[in-house]
């Protein structure tokens, strides 16, 4: 009896595993049908009846390079076995659940001549009407190496989904490495976007970002709690840490797919606070250098107002410009290298193409160079002052050296010296060796919330101010 039960369980497990992936079907020929109810052992998808043997449960998402990412178990159907499939691009901010897109492609195709020629396996060429003879699959925009406009006689589309551009040069793309975009102004041509492989992000990024977010919250709370810390520089520091907190919050929400319905809004918000954080770093660099040089440190209220206009106003203007550029060239694939692309590839600005240098890394480079120069001048000024003070004992010299290291480390963080590593990463990101080398400063930047909490909160003077704030002002003892 026990053996029979074990045999039944074994058969069930084997059969379940065999149905997990559809036999003889490429992953990129499948669509998610988990939202479609089963009817008479089949599924209805866009007026097609899909038999059960062409469906299967998938627990992964396959990437273009063949690697897999684990996802929630869902039902997929090998739709391209029933009709030829064609793959059109969809902006990330227009993607809907179950691989749908809200960009109005169907209406646009009706206004042009939506016919495509397909070379079949036997070598014959058939002419297919996109809206009835084919299944239109929607793929998210991915980073593109090339955007090419081809006429009807300049390409061959094969039945297996491969796309040959300009047959005389034999440039062929597999179905997972491209998507199409219609040219409404020229119905006899079409845009083809060749995808590129983007390396996966560093490990433990979500975890480090979440811990950094907590560090930012605690740092802001302490600075708001202790009045002595809320001087002009302290207020600027709070603004900077708040910018980092919002960035970490948006990143964490993106990992949890919370911004799917507001992808563009999340992207522009993240862009604004990313720029603002660098502008506030330059404000603090200027203020530290100014405090060091001036004997009379007069902190008038309008100074902070001016800093606010600069620290928040300039990023707001730049964010408005990026929005207008995206809006003006939204349906122009030939302008992909010129637009910020917020919400196009992901809920963030396009950081792969050289356009990122215009909208993000260019301003960051200018601000980072200013911060580095100011930091060098500040350290040089401090060293000159300290060199005039001679320590009497070796123990005192060692103590001063340790304090100097922490001082310079805190200054480097508050003055944004490490921010230049982001710009360097942009320039060398296509080189595997340098990407690995720059992981250390990138992790330092990613964990800046942890760093500021450790360096500026977990120190003796801050603890003393917290204890004084808790216990209240000390009362003077009366003379006896």
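Glycine residues also receive a Cβ, built from the backbone N, Cα and C atoms like all the rest.
Swiss-Prot lists 25-78 (among others) with the feature disulfide bond. Around residue 78 (disulfide bond), the same-chain residues at least 6 positions away in sequence with a Cβ under 8 Å from its Cβ are 22, 25, 29, 30, 54, 55.
Taken from Swiss-Prot, the feature disulfide bond applies to 80-85 (among others). Long-range Cβ proximity for residue 85 (disulfide bond), meaning a same-chain Cβ under 8 A and a gap of 6 or more residues, is found for 29, 79, 134, 135, 136, 137, 161, 175.
Sequence annotations record features per position, and here Swiss-Prot assigns disulfide bond to 89-179 (among others) based on similarity to another entry. DSSP classifies residue 179 (disulfide bond) as strand under the three-state reduction.
Every protein chain considered, the tally of other Cβ atoms within 10 Å of the Cβ of residue 90 (disulfide bond) stands at 23. Residues or ranges marked as disulfide bond by Swiss-Prot on the basis of similarity to another entry: 90-101 (among others).
In this chain, none of the residues that are 6 or more apart from residue 40 (N-linked glycosylation site) has a CB less than 8 Å from its CB. The feature N-linked glycosylation site is assigned by Swiss-Prot to 40 (among others).
Taking a C-beta cut-off of under 8 angstroms and a sequence separation of 6 or more, residue 160 (N-linked glycosylation site) has the following same-chain neighbours: 121, 175. The N-linked glycosylation site feature in Swiss-Prot is assigned to 160 (among others); the stated evidence is sequence analysis.
When secondary structure is read from DSSP and collapsed to three states, residue 170 (N-linked glycosylation site) falls in the coil class. Taken from Swiss-Prot, the feature N-linked glycosylation site applies to 170 (among others), supported by sequence analysis.
If you look up Swiss-Prot, you'll see 1-20 marked as signal peptide.
Annotated topological domain 'Extracellular' per Swiss-Prot: 21-202 (among others), in sequence order, evidence recorded as sequence analysis.
Sequence-distant contacts of the topological domain 'Cytoplasmic' (226-231), counting only residues of its own chain at least 6 positions beyond either end whose CB sits under 8 Å from a CB of the stretch, comprise 238, 299, 462, 465-466, 469. Residues or ranges marked as topological domain 'Cytoplasmic' in Swiss-Prot (evidence: sequence analysis): 226-231 (among others).
As annotated by Swiss-Prot, topological domain 'Extracellular' applies to 255-263 (among others), with the evidence given as sequence analysis. Counting residues per DSSP class in helix, strand and coil order gives 5 helix, 0 strand, 4 coil for the topological domain 'Extracellular' (255-263).
Averaged across the topological domain 'Cytoplasmic' (284-303), pLDDT for the predicted model comes to 79. According to Swiss-Prot, the topological domain 'Cytoplasmic' annotation covers 284-303 (among others).
Marked as topological domain 'Extracellular' by Swiss-Prot: 327-356 (among others). Beyond the topological domain 'Extracellular' (327-356), the same-chain residues lying 6 or more positions past its ends with a Cβ under 8 Å from any Cβ of the stretch are 89, 91-93, 140-144, 147, 149, 181, 184, 191, 193, 196, 198, 250, 254, 259, 263-264, 266-268, 270-271, 426, 429.
Among the features that Swiss-Prot reports, topological domain 'Cytoplasmic' is placed at 380-405 (among others).
The topological domain 'Extracellular' annotation in Swiss-Prot covers 429-437 (among others).
Look at Swiss-Prot and you will find 458-480 (among others) tagged as topological domain 'Cytoplasmic', backed by sequence analysis.
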Hey, would you say the transmembrane segment (438-457) packs against the transmembrane segment (304-326), going by three or more CB pairs under 8 A that are 6+ residues apart?
no
Need this for a regression test: recorded positions 80, 101, 170, filtered to those with Cα within 10 Å of residue 89 (disulfide bond). What's left?
101
Residue 101 (disulfide bond) and residue 80 (disulfide bond), distance between Cα atoms, whole Å:
19
Other parts of the chain folded back onto the topological domain 'Extracellular' (255-263), taken as Cβ under 8 Å at six or more residues beyond its ends:
92-93, 95, 206, 343, 346-347
Quick check: in three-state DSSP terms, what is residue 80 (disulfide bond)?
helix
What is the three-state DSSP composition of the topological domain 'Extracellular' (429-437), stated as helix, strand and coil residue counts?
6 helix, 0 strand, 3 coil
Can you name the residues of this chain that are 6 or more positions from residue 170 (N-linked glycosylation site) yet have a C-beta less than 8 Å from its C-beta?
164
Count the Cβ atoms, other than its own, that fall within 10 Å of the Cβ of residue 89 (disulfide bond), considering every protein chain shown.
25
